[in-house]
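As structure tokens, the structure follows; a few thoughts come after it.
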Amino acid sequence: MLKIVKKLEVLMKYFVPNEVFSIRKLKVGTCSVLLAISILGSQGILSDEVVTSSSPMATKESSNAITNDLDNSPTVNQNRSAEMIASNSTTNGLDNSLSVNSISSNGTIRSNSQLDNRTVESTVTSTNENKSYKEDVISDRIIKKEFEDTALSVKDYGAVGDGIHDDRQAIQDAIDAAAQGLGGGNVYFPEGTYLVKEIVFLKSHTHLELNEKATILNGINIKNHPSIVFMTGLFTDDGAQVEWGPTEDISYSGGTIDMNGALNEEGTKAKNLPLINSSGAFAIGNSNNVTIKNVTFKDSYQGHAIQIAGSKNVLVDNSRFLGQALPKTMKDGQIISKESIQIEPLTRKGFPYALNDDGKKSENVTIQNSYFGKSDKSGELVTAIGTHYQTLSTQNPSNIKILNNHFDNMMYAGVRFTGFTDVLIKGNRFDKKVKGESVHYRESGAALVNAYSYKNTKDLLDLNKQVVIAENIFNIADPKTKAIRVAKDSAEYLGKVSDITVTKNVINNNSKETEQPNIELLRVSDNLVVSENSIFGGKEGIVIEDSKGKITVLNNQFYNLSGKYISFIKSNANGKEPVIRDSDGNFNIVTENGLYKIVTNNLSDKNEKEKNKEEKQSNSNNVIDSNQKNGEFNSSKDNRQMNDKIDNKQDNKTEEVNYKIVGDGRETENHINKSKEIVDVKQKLPKTGSNKIMELFLTVTGIGLLLTLKGLKYYGKDK
């Protein structure tokens, strides 16, 4: 209040110069009037600032509209696809696609000045990140130097590291000493090539680190004996099996493990290890808290580079798996069981090196940030990660995470598994080349993600459940390759496949003569969700066959497919027949008997005119309530008319209807969001712009006139 009074005094001195004036001479009532005028004049400006900066409803609704439109735009999805391919981390690629379209955190479109500011902020952030990265590198080097200085060096225990002398015993002695607490439990391998001619046994509370130029060379060439460099349990020198006790807290970092499996000239055996049946790097059984990172694995012979059985809390991070030698004598049924990383329960059949047969599951296993491809000596890997065995006596491996890896031209699959529970396959990149560009090629085809079922006709078990396949990129050039396959492979098999989610994947199918669907879902028992996938090219988009229970197919987008976009198929005495047939243009899914969720998927026609029309409609998630059984929509014209009717009824509202069976009747629940109508922001906000200046001018003028009149009046009286 005092500040306002002083400002008014200054103003009066301007209008009545050369006189001593004090507003304190005015009556209280007059002062109140002046203050009221001033406050009223500024109220519009203040309220405008408040509403403009903090109108949560308007901002939220406009944000939802813009975000929905962009998320469903085919153009954005194409940009998203391109960005994800260019990025090593596909998850980051998806996130960055939004910033390309200039969307702020609250969903509003930024102005050019805001973009400039963002560029500056980005530069500052990038600088800070680079600084942080350098600091991390320096810190890592310091830690590494301290590790080297305090750890037990294998050369101090007699290792030579020339690739000729057998260094196995020296390495084992160093590990045994570290297990007793010497060197802080740390073992260091300086630069060199360390030949080992027998298995090295890892011990609890030990940490092995290799110089980046250090290599472990497998020289185990014993008939009927595992040729595996490191094991967490005991396996006697005479080949006798023992029951493994538990091990824990083991880490291995850096360097290269050469499994020495490159083939001889005839292509029938391992050139340097002719007596072995297979070669590998790690057998991890009955263990807890095991970490393997920054390791290069080269040239396994037939077998698994890493085998994980009955173990928990296992991490494989930032590693490379290069090359798998396959003899010409191998049959297809043998080949497809050769995963580079195998994850399985602890059984004698699955893990034959030990007598443990309790079926203990593997859990909390993460494979991330790694590359899988071919080497100079051997061809591509068969399957990067997975398993091929499961029985009733075992527990399902659970909480398996496969994140941000690159699977480069796998022969059979990037990920293939059976009997898994709680699986997340996210942010990976899968590339599949044509036969002419491949060393190893399977004529029967491939599925880059293959959740299949083990042949079980006696055991009732859950085959695969709670599986999420999300935000991956698939680049397919081979006509015999599917991107994603989730299946119970035979109706005669016991057990269920359920709770499957396939979402936000981008499939780029460039094969000119493709023979396979991009996504195949076979005999899923319940809770199947296929949503927000973008499929570019190929023959068929999504095929769902002989599946039941709750099925949701939502907001998928298709471009330049030569066949059907979405097919629901069931088998009967006459063979297979479609429950639903789609057609060119917009297609509305109507599931068998109207039991499942009914939504619209945005489809792209083969010409640009249709694509542009679909882009305009892409933010709709329309509902079709069909009482027909086995309804079929074969006319694209009818489909578009139905869409137009629904659009007119809904008036900027989005609704999804989920049908479910209750007894003999059908119950409807509106369980997904009803978006509010977007408010007209211009009508809701106060006047802005030039009106602000006018209000301010009138306010100042009014105050000036009143003060002048009152001041002159009292000036006369004082005289």
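Just so it is clear, glycine is given a Cβ too, placed from its N, Cα and C backbone atoms.
Sequence annotations record features per position, and here Swiss-Prot assigns coiled coil to 601-658 based on sequence analysis. Taking the coiled coil (601-658) as a whole, pLDDT averages 37 in the prediction.
The compositional bias 'Basic and acidic residues' annotation in Swiss-Prot covers 606-617 (among others).
Annotation comment: Swiss-Prot describes 623-634 as compositional bias 'Polar residues'.
Sequence annotations record features per position, and here Swiss-Prot assigns compositional bias 'Basic and acidic residues' to 635-655 (among others).
Swiss-Prot lists Thr688 with the feature pentaglycyl murein peptidoglycan amidated threonine, giving sequence analysis as the kind of evidence.
Annotation comment: Swiss-Prot describes 56-76 (among others) as region 'Disordered'.
Residues or ranges marked as region 'Disordered' by Swiss-Prot: 109-128 (among others).
Annotation comment: Swiss-Prot describes 606-655 (among others) as region 'Disordered'.
Residues annotated as repeat 'PbH1 1' in Swiss-Prot: 287-310. Beyond the repeat 'PbH1 1' (287-310), the same-chain residues lying 6 or more positions past its ends with a Cβ under 8 Å from any Cβ of the stretch are 210, 227-228, 232, 246-263, 270, 273, 276-281, 316-327, 330, 338-347, 350-351, 356, 358, 360-362, 365, 375, 377-378.
For the repeat 'PbH1 2' (362-384), the DSSP counts in helix, strand and coil order read 0 helix, 11 strand, 12 coil. According to Swiss-Prot, the feature repeat 'PbH1 2' maps to 362-384.
Residues annotated as repeat 'PbH1 3' in Swiss-Prot: 397-419.
Non-local neighbours of the repeat 'PbH1 4' (497-523) in the same chain are 77, 80-81, 84-85, 94, 434, 445, 447, 451, 453, 462-489, 491, 529-547, 549, 562, 567; each lies 6+ residues outside the stretch with a CB under 8 Å from one of its CB atoms. The annotation repeat 'PbH1 4' is assigned in Swiss-Prot to 497-523.
Taking H, G and I as helix, E and B as strand and the rest as coil, DSSP gives the repeat 'PbH1 5' (525-546) the counts 0 helix, 13 strand, 9 coil. The repeat 'PbH1 5' annotation in Swiss-Prot covers 525-546.
Per Swiss-Prot, the feature motif 'LPXTG sorting signal' maps to 685-689.
Swiss-Prot lists 1-45 with the feature signal peptide, giving sequence analysis as the kind of evidence.
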